[in-house]
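What follows is a set of notes on a single structure, which appears directly below.
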């Protein structure tokens, strides 16, 4: 018997057997052990979830703003009370160190839910005077039933990023977590019900993206899809959504983000920022600053500081509190990252440190890849052009500000960017020219609930978090009122 046993779908406020009874395994990437069996949804299950959501959504939307706010706040309290329990599940499912999941994953997800719970009473329309006898007023009404499709790197946080604004606006959601990391989304569903969310308002369907995800994007009963994943999958989502019922779509599709270090930067601080921008969560963060641009004159000194810091990384069992670098999320993903590393070697980049999978001792049965740093990289190399989503840093040298801005923007992605400098005039001047939706100056990675998150170019459509996201889960109804007589031309 696996640690977490058989995991059912969550439909209409209860854990429910799938129609087919088919299952797939959840695997701990730290040791290869099966930790749960998850039921796989099919078309009938999708229809059941949509029907339940359509029944529950009007009940939820009819509640007062304060009633809905109190229910979501209760869910926040439960999440925080169970932080350690949920963190342990997340660590077993993703391989992320417990030191991360305890302090970041559940905490930041709960923060987003609390933020939107507080905004519910502020969701209001407008009154627009036309003339003495007439005016217009607007109402922000829910879209109805919406779908969220999550990625595998921040399972619970992403489930909350998608469900919090959707529920706050009065919608019902059907959420499909990544088939690689599904466990905490199922836990979240139970927490919402325990907090008082009406049956059918939050449903979880586990299974593959090619099947369940596609069914959700094509389903005529769904009004909006919020998707996090890769570009190729995102294009399919958009095509399916447009080809079915012209659904609204929000997508976050990853990046190949530049981190620019200027000559006046504190080099120790710059090295610390580069480490966090590349090796946090074993490099499995969509906003990672994997293209690190350094002035040619400082390149050798910067490389030395990076190598010193990489050697201090504590790689090990993610359940060990001392570990700050765990395995990749799956063995399949480990192999993908290793192919990129091999590509970097073949194309002539200089390997400073790492560049291999860890296969000895206690790490032998896990999906571990050593933190890897390449230097003397060229802009046309595969490791510089493509998103690796692993612990691989590419160091590139440059000569001038104009040159580095041009090269930083020379990518199909546009999710994030950052600069490290003591010259604030330069910082703002450069940031204003970088083609990225999320930018940091002298820091990296923090994303508060108030901060809109999303990309330029192929990195996405729309935004998550912030006030505007709540508005995008509503539709505006305009009503004109005439207080005097009506004159007809007939």
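Placed from the backbone N, Cα and C atoms, the Cβ positions cover glycine too.
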Check Swiss-Prot for me: it has 150, 151, 152, 176, 177, 178, 179, 230, 231, 232, 233, 254, 286 binding NAD(+), so pick out which one of 67, 360, 386, 387 it puts in that same site.
387
Would you find the one among the recorded positions 180, 286 whose Cβ has the most company, meaning other Cβ atoms within 10 Å?
286
Starting from residue 252 (active site, proton acceptor), work out which of the binding-site residues listed here (177, 180, 231, 460) have their Cα within 10 Å, and give them in sequence order.
231, 460
Among the recorded positions listed here (231, 233, 286), which has the Cα closest to the Cα of residue 460 (K(+) 2 binding site)?
231
Under 8 Å between C-beta atoms and at least six apart in sequence, can you list the same-chain neighbours of residue 162 (active site, charge relay system), or say none if there are none?
148, 150, 173, 175, 226, 228, 464
Quick check for the class: what is the C-alpha distance, in angstrom and rounded, between residue 248 (site 'Seems to be a necessary countercharge to the potassium cations') and residue 179 (NAD(+) binding site)?
24
For residue 286 (active site, nucleophile) and residue 231 (NAD(+) binding site), what Cα-Cα distance in Å is obtained after rounding to a whole number?
12
With an 8 Å cut-off on Cβ-Cβ distance and a minimum sequence separation of at least 6, pull the same-chain contacts of residue 179 (NAD(+) binding site), or say none.
24, 38, 206, 207, 208, 209
At the Cα level, what's the spacing in Å between residue 457 (K(+) 2 binding site) and residue 152 (NAD(+) binding site), rounded?
23
